Amino acid sequence: MATTSNSYTSVAIIGAGSVGCTIAHTLMLRRVCAEVRLVDIAEDLCKAQVQDLQDATYLTNVRIKYATPQEAGQSDIIVITAGAKQKPGETRLDLIEKNYKVLGSVLKGLQPINPLAIILLVANPVDVLTHFTQQMSGLPKNQVLGSGTLLDSIRLRGLLAQRLNVSDNSINAYVIGEHGDSQCVAWSSATVSGAHISLIDDISEEEKVEIGKLVSGKANAIIKAKGFTSYGIGATAANICEAILFDQRPVYPLSCWHEEHQCCISLPAVVGRNGVVTQIPLPLNDKEREQIEASAATLRDQIAKF
Ligand SMILES: NC(=O)C1=CN([C@@H]2O[C@H](COP(=O)(O)OP(=O)(O)OC[C@H]3O[C@@H](n4cnc5c(N)ncnc54)[C@H](O)[C@@H]3O)[C@@H](O)[C@H]2O)C=CC1
Ligand SMILES: CC(=O)C(=O)O
């Protein structure tokens, strides 16, 4: 297992807003690492968030501290949540101008980055920002990944679990492509405990479209009512950190570099201590292949603007 100059595990979170603090809280409650380091351009807010989170440390004794960007750069994992969030009606891609600038200043502040660190992008548009972090951070591409469509896949499994009356954990179904409006559901490979989903329930094409819309529209529906989403991504990001630090090697649809698509996009990948260990080929039908190609083209168009 790779080691750093620290004798204990640390996860830095850049951006101490709703998402960053929910990830910090989840990491602490699940004892994913020994120390969580919080960084934000808004110093007073960040210190107050640390103080509040410190009141929860007695449950697990995971340390939470306010950190400088340079200290954060020496962590085992650096989670980037800094940036603007969507207003109701905005798409994730609408955030690119603002968050590209934020990302540039965040990556500059982290230097020199621990060469063994894994950077996990969460800020949106996550696929495009993952691509730019791979270009700007100086780390190998496998060490820079985005939370991608893991959260969307969890949302999909939640809906299917209700419909089929089985546990989410027994459903293997992926949302792939952009973590955004061009994503698609890989229905042709969806299984329940190894059996194709069509053997369990005859979901019509119209219903599949409806389920896909519910999944891709869930964030917007939550944002319309409460202004942001945080618990789902808190659990998802903490889960990815756990998989990395404990070298667990689950197969997750995460945003990582795909040579074939020439961009960072979500397809199943094995996650371990070195980040993306390998990619797992997903059988797709013609329609799904067209959808993933269109999604990749959308992302490449965004990248080409810079
Ligand atoms: N990938 C995913 O599935 C999800 C992504 N998100 C994204 O996460 C991001 C954060 O969302 P929230 O936490 O709700 O927003 P927020 O507004 O609550 O927090 C953002 C924080 O970033 C900080 N910040 C801005 N520039 C910074 C810089 N240069 N250095 C350090 N900190 C800086 C701000 O001061 C603020 O505290 C958004 O882009 C949102 O779209 C949110 C939910 C899920
Ligand atoms: C905001 C966002 O990207 C999500 O909850 O999926």
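Placement of Cβ uses the backbone N, Cα and C atoms for every residue, glycine included.
Predicted, not measured: the structure shown is a model, and the values here were computed from it.
On the 0 to 100 pLDDT scale, the model's mean across the domain 'Lactate/malate dehydrogenase N-terminal' (10-146) is 98. Taken from TrEMBL, the feature domain 'Lactate/malate dehydrogenase N-terminal' covers 10-146.
Annotated NAD(+) binding site per TrEMBL: Gly15, Ala16, Gly17, Ser18, Val19, Gly20, Asp40, Asn99, Val122, Ala123, Asn124, in sequence order. Secondary structure from DSSP puts Val19 (NAD(+) binding site) in a helix. In sequence order, Thr81, Lys85, Val122, Phe228, Thr229, Ser230, Ile233, Gly234, Ala237 constitute the residues six or more apart from Val19 (NAD(+) binding site) in its chain with CB-CB distances below 8 Å.
Annotated domain 'Lactate/malate dehydrogenase C-terminal' per TrEMBL: 149-305, in sequence order.
The active site, proton acceptor annotation in TrEMBL covers His179. Long-range Cβ proximity for His179 (active site, proton acceptor), meaning a same-chain Cβ under 8 A and a gap of 6 or more residues, is found for Arg92, Asn124, Pro125, Val126, Asp127, Gly146, Ser147, Gly148, Thr149, Leu151, Asp152, Ser255, Ser266.
Non-local contacts of Gly17 (NAD(+) binding site) by the CB criterion (under 8 A, 6+ apart in sequence, same chain) comprise Asp40, Thr81, Lys85, Phe228. Contact annotation for binding-site residues (Gly17, Val19, Asp40, Val122, Asn124) versus ligand 2: Asn124, each with CB under 6 Å from a ligand atom. Residues of the domain 'Lactate/malate dehydrogenase N-terminal' (10-146) grouped by DSSP class, helix first, strand second and coil last, total 64 helix, 25 strand, 48 coil.
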